[in-house]
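Novice: What TrEMBL records for this protein is below:
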COMPBIAS  A:1-13  compositional bias 'Polar residues'
REGION    A:1-34  region 'Disordered'
TRANSMEM  A:59-81  transmembrane segment
TRANSMEM  A:101-122  transmembrane segment
TRANSMEM  A:143-166  transmembrane segment
TRANSMEM  A:186-207  transmembrane segment
TRANSMEM  A:214-235  transmembrane segment
TRANSMEM  A:255-276  transmembrane segment
Amino acid sequence: MTTPHPTAQSSTYPATHSPATQPPTSQPSAPQTPARQFAALRRSFGSEWIKLWTVRSTWWALSAAVVLMTGVAAIMGGDFAGDVEKGEVTDGTSMGIAEPAADAAMLAQFGLIAFAMLAVTGEFGTGAIRGTLCADPRRGRVLLAKTLAVSAVVVPLAFVLALLGLVAGDVTLGEYGTGGTTVEDVAATTVYLVLAAVFTVGVGALLRNSVGTLSAVIVLLLALPITLGADRSAYLPGGAGLNLLGGEDPPYSRLTAAVLFALWTVAAQLAGYASLRRRDV
Amino acid sequence: MITLERLTKRYGDTTAVDDLSLVVRPGGVTGFLGPNGAGKSTTMRMILGLDRPTSGRALVGGRAYAELAHPLREVGALLDAKALHPGRSARDHLRALARTHDIPRGRVDEVLGMVGLSDVAGRRAGTFSLGMGQRLGIAAALLGDPATLMFDEPVNGLDPDGVMWIRRLIRSLAAEGRTIFVSSHLMSEMQLTADQLVVIGRGRLLADAPLSEVLAGAPTAGVTVRGPELTALSRELAAAGAVVRDEGDRLSVGGASVEDVGRTAHRLGVLLYELSPRQVSLEQAYMELTAEAVEYGGTR
């Protein structure tokens with residue numbers, strides 16, 4: 001493999017501005033054809049991708065998600081197996097091997113939420129968003145590029161996390177683990193984690209600061225279902241998310257829960273888009 | 001070319017930019033001068049589409065910034081040197097920007113070299129001094145090799161070396177034929193770098209003229225006359241409406257040009273040792289302009 005010499009690349013690029021060859025107003029107004037729009041989105045996505053992987057917080061947040069998912073799923077499975085052996089379990093003597101992962105996702109999601117949040121609020125906090133919007137002044141496109149870049153990381157990672165949680169649960173449950181809904185459980189955990197991250201990108205674009213965004217997401221996804229109870233929060237984002245992960249006696253199917261949570265995620269994105277478009281940066 | 005058409009920005013009851021119309025013409029350095037809080041930064045942010053005008057519009061090369069297909073290739077801006085992620089290295093910061101325009105990686109190294117940051121390109125930007133941050137911001141502005149450059153208070157907080165460097169850079173960029181729009185509240189700085197001056201106070205346009213004109217047209221500009229016997233000349237000039245002040249062996253004449261005074265002296269046969277236009281410093285001209293703005297400017 002050969003890497004091109006830097007000067008070989010730079011020679012194709014003018015080092016100084018020559019007014020004779022590039023008068024300021026000579027560039028024709030580019031019509032916004034779909035092909036151009038897509039090319040611009042691809043470039044902005046590439047920029048967001050570079051930004052994600054050139055700060056340390058990304059590694060911290062994603063590592064935290066892996067550790068939390070594996071660790072908490074193992075603890076959940078081990079606890080259950082221990083309780084069964086001591087005879088302290090009243091509702092059956094077996095658990096689905098993917099269930100510990102679904103419980104662990106409630107904690108592991110915060111690694112992904114922090115990652116998704118920092119992709120947005122990290123720029124608002126430092127003022128770097130101004131540089132981003134000078135490079136691509138179409139704000140909707142910038143939000144879409146950020147959402148896609150976060151998704152490109154979170155979709156495969158969420159699936160890996162669900163599998164890690166499954167393995168940890170399976171190992172620690174041992175003989176007390178059962179199959180059955182395993183595939184559905186893994187899919188549900190994956191979808192939940194992806195939607196939670198995309199939801200957070202929308203809230204981050206709306207609120208712009210890290211403390212507010214993290215508080216809002218915790219309240220919406222965790223605190224409200226706990227304080228209101230499963231019944232009254234069933235149609236709110238947190239309740240829909242919990243029922244997607246596998247709630248007790250949900251008033252609707254798991255697929256409906258996924259659709260509901262997805263709709264809330266779209267709503268968060270639209271709110272973020274509206275705010276980003278309207279407000280000065 | 002930057003065109004502002006009746007640009008106005010209000011925050012509640014406060015008017016930051018008030019009906020500002022002007023054209024920043026290509027080539028040369030246009031100084032954007034005004035006291036702190038006069039609306040310079042707000043104007044620049046509106047040009048870049050970051051702030052939405054309450055009314056009016058700002059155009060770059062005839063189009064709104066958001067309509068530019070490749071904005072970094074047309075306008076480069078340094079707004080706030082600290083407005084970047086402190087954890088990202090200088091090179092990565094520029095790489096991410098370059099990616100939005102498919103600017104080759106070689107250009108990133110090139111602009112790092114131009115601003116003298118090649119040796120620290122791998123260091124996290126948060127560890128940079130203000131001067132280094134300023135250089136990085138300028139590297140970002142130069143990335144797309146734009147014909148128009150905007151700098152907001154580029155010398156603020158820099159040490160003398162940094163100030164000299166920015167001054168030379170701005171002159172050399174202008175010499176390459178670029179349009180430079182540079183804001184400052186430092187009148188002395190503008191006197192050294194600008195060709196054209198735009199002065200604002202309280203968001204309103206106070207002056208838009210070549211540097212020399214602003215200096216000459218300032219109310220306190222005048223003529224100094226020196227000679228052995230000036231009483232007759234003094235009387236004649238005063239009779240013609242000029243404001244004459246006797247300063248011992250010389251006269252300070254306001255409200256008359258060098259030509260007026262020379263012609264009068266010749267007609268009267270008065271011997272002169274010196275006849276010179278008295279240039280006020282930009283500082284003085286600016287104080288006069290902005291003092292009026294403070295006095296008669298907006299009511300609250």
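Every residue, even glycine, has its Cβ placed from backbone N, Cα and C.
Quick caveat, the model's predicted, so the values are computed rather than measured.
Surface or core, plus neighbours and distances: that's what I need for these features.
Specialist: Listed as Cβ neighbours of the transmembrane segment (A:59-81) (distance under 8 Å, sequence separation of 6 or more from its ends, same chain) are residues 89, 95, 97, 99-101, 103-105, 107-112, 114-115, 118, 153, 157, 161, 164-166, 168-177.
Sequence-remote contacts of a segment are chain residues at least 6 beyond its ends whose Cβ falls under 8 Å from one of its Cβ atoms, and for the transmembrane segment (A:186-207) they are 98, 101-102, 105, 108-109, 112-113, 115-117, 119-121, 124, 143, 146-147, 150-151, 154-155, 157-159, 161-163, 165-166, 213, 216-217, 220-221, 237, 241, 244-246, 254, 258, 261-262, 264-265, 267-273, 275-276.
When Cβ-Cβ distances below 8 Å are used as the criterion, the transmembrane segment (A:214-235) is approached by residues 106, 109, 113-114, 117, 196, 199-200, 203, 207, 241-243, 247-252, 260 of the same chain, each at least six residues removed from its ends.
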Novice: Could you pull out which residues elsewhere in the chain have a CB under 8 Å from any CB of the transmembrane segment (A:143-166), counting only those six or more residues past its ends?
Specialist: 41, 44-45, 47-49, 51-52, 62, 65-66, 69-70, 73, 97-98, 100-102, 104-105, 108, 112, 115-116, 119-120, 136, 182, 185-187, 189-194, 197-198, 201-202, 205, 269, 272-273, 276
Novice: For the transmembrane segment (A:101-122), what are the same-chain contacts with Cβ under 8 Å, counting residues 6+ beyond its ends?
Specialist: 48, 51-52, 55, 57-58, 61-66, 68-73, 76, 128, 146, 149-150, 153-154, 157-158, 161-162, 164-166, 168-169, 185-186, 188-189, 192-193, 196-198, 200-201, 203-205, 207-210, 213-214, 217, 221-222, 245-246, 272
